[in-house]
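As structure tokens, the structure follows; a few thoughts come after it.
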């Protein structure tokens, strides 16, 4: 028995909205915490910029997906449906691409930060965030160019059944591209993802090796009166390793869905709904991991806020 696509999209909205609410709230909190530390005069860490960029990327990613599955935005006739579909689908795909790029930058940057002074990675240690800014400019340009085909093949879903369409939501669809062009864009995106995923795996392996060596050295120096605590760099490294593990698990599941849908051009609503939930899962989980693990930034905000309150109390 074939399920009604409209019923599946209603179920998708009911499942996605709670996920989006949690994700947008958590990412906004993470973004506000990092902005607050800057305004309170705290010297930002090099990893603060990628974390802030990641939070902003996930807010936009969840917002665009929320608009795609909503009904209110499609009831207004002021803006053509084709234009709304092209912009929202393109922005969502760009944010998805920037998510993997930013996670990779965060992973590699942390590996460089904790590398010993005598290692070859120490040569890449940064003294300012300017190179990271230019790197993100390049990543934006790269991701937008790889997603440019969506501006051509995304259309508003017609009222009548039309062959050659892959339904994304009940309002937007993809036009059937030739197998050659479809394979080309899928190959380019897969190449980009594999490159960044490979860098994440290598940086993770490097950090795990460093942490293991440090743990062995700490155990050999331990005495009955000394119980070593994790340094801020170690805590940050464990957090990023946990973040990468979450990303890799969700990425593998999402890749299976995406490749199957992209190559077979199947429009099964249940499969599309599951793919949407998995694809946006990382945007919801990552801020929760970063906020719960990064106690340093919360303590900084609390300390600075307490100082300002005490100063105001003295002035009054």
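Counting begins at 1 with the first residue displayed.
Heads up, the Cβ atoms here are built off N, Cα and C, so glycines get one too.
TrEMBL tags one of the stretches 175-193, 194-212 as transmembrane segment, and that stretch is 194-212.
Counting Cβ pairs closer than 8 Å and at least 6 residues apart in sequence, the transmembrane segment (194-212) and the transmembrane segment (238-263) reach three or more and so form a contact.
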